[in-house]
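Novice: Feature annotation from Swiss-Prot assigns active site, proton acceptor to 92; the stated evidence is sequence analysis. According to Swiss-Prot, the feature domain 'Radical SAM core' maps to 98-337. The disulfide bond feature in Swiss-Prot is assigned to 105-342. Look at Swiss-Prot and you will find 112, 116, 119 tagged as [4Fe-4S] cluster binding site. The S-adenosyl-L-methionine binding site feature in Swiss-Prot is assigned to 166, 167, 198, 220, 221, 222, 299. Residues annotated as active site, S-methylcysteine intermediate in Swiss-Prot: 342.
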């Protein structure tokens, strides 16, 4: 028996080709995308503007399948974390409500291969890339849950950030089509400024990205010099800070989504990267790059070798950068009581890399495949 095609793996253009191959009019794809994403429908029989003959044909060859929720946890601050089942493993997706928006933090891989030393996900190792349906399916599943609770005042998703488990630019082949669906007016219709891709700095993939899609960009920098970044963000040994910042500036030069500015993410690690001297170094690194800087309180996880920067050290770091004219925001920690805060996502990962502590030191050995 031929395996059914999961229509969530297709962009609208790909679905139009799929319908042509079925001998049907391409506009049927527009209808189906609306049913799936506007109305959260995964049952062909409920698609009333599609005739029964076509519905029966679709049921024979296709399915609409998103990850199922295995566990839901709710924080006192309104944050919701879902562990979603993908095969025999789990990924994590986080809903973060705020006064004027609601952001969904989406995973791109089962685990992560980059081995950043301050991140819980990295300690789980890496298993595989998520498919398009497993990425966009996180948005679909979360929207469906929130829709069911809409009467209680839970805010619909307004923003999506590719900041969950994994490095998005090591899964370009699936992340970009998923983001296309986030932007597609027939699907979720989010503004390109409300879809953010966060990367630790896979420079060749970032250089290619501008020709594929225009979305908001966030850079996980976390250190102001190569010596320190080599240690805590090992991919820096392959693509150093200068290479990364040059690539960022190239992306900004052709992007409309970023308003000419990139977001720089900087986790505050006590007496590691949070001194006044580090702040001066960071200002020098970013002096020719229009940006806003997010200072992120570090969120602890078991066996981590770090401490959280004191409020005093964070304040001094922020003020030093602001004296240079930078916009600097100290991110409010959300969902830390359910381990849903930045750097705490772990999921349930079968590590295929079998990395040792020694291997983790060699970021230059990270295999970067551009797809």
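From the backbone N, Cα and C atoms, a Cβ is placed for every residue, glycine too.
Can you tell me where each of these features sits in the structure?
Specialist: The Cβ of residue 92 (active site, proton acceptor) has 25 other Cβ atoms within 10 Å, all protein chains considered. Following the DSSP three-state reduction, the secondary structure of residue 92 (active site, proton acceptor) is strand.
Confidence across the domain 'Radical SAM core' (98-337), taken as the mean pLDDT and rounded to a whole number, stands at 94.
The Cβ neighbour count for residue 105 (disulfide bond), using a 10 Å radius and every protein chain shown, is 27.
Packing around residue 116 ([4Fe-4S] cluster binding site) is summarised by its Cβ count: 24 other Cβ atoms lie within 10 angstroms of its Cβ, all protein chains included.
Taking the Cβ of residue 220 (S-adenosyl-L-methionine binding site) as reference, residues of its chain lying under 8 Å away and at least six apart in sequence are, in sequence order, 116, 198, 199, 200, 201, 233, 265.
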Novice: Look up residue 198 (S-adenosyl-L-methionine binding site) in the DSSP assignment and report helix, strand or coil.
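Specialist: DSSP assigns residue 198 (S-adenosyl-L-methionine binding site) to strand.
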Novice: I'd like the number of other C-beta atoms within 10 A of the C-beta of residue 119 ([4Fe-4S] cluster binding site), please.
Specialist: 27
Novice: Roughly how many Å lie between the Cα atoms of residue 221 (S-adenosyl-L-methionine binding site) and residue 112 ([4Fe-4S] cluster binding site), rounded to a whole value?
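Specialist: With the alpha carbons as reference points, the distance is 17 Å.
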Novice: Which recorded positions from the set 105, 167, 222 come within 10 angstroms of residue 92 (active site, proton acceptor), judged by C-alpha positions?
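Specialist: Qualifying among 105, 167, 222: 105.
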Novice: Sort the binding-site residues 119, 166, 299 by C-alpha distance from residue 105 (disulfide bond) and give me just the closest.
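Specialist: Nearest listed residue in space: 166.
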Novice: Count the other Cβ atoms sitting within 10 Å of the Cβ of residue 112 ([4Fe-4S] cluster binding site), across every protein chain shown.
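Specialist: Looking across every protein chain shown, the total is 28.
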Novice: Near residue 166 (S-adenosyl-L-methionine binding site), which residues of its chain come within a Cβ-Cβ distance under 8 Å, counting only those 6 or more away in sequence?
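Specialist: Result: 107, 108, 109, 110, 111, 112, 121, 129, 130.
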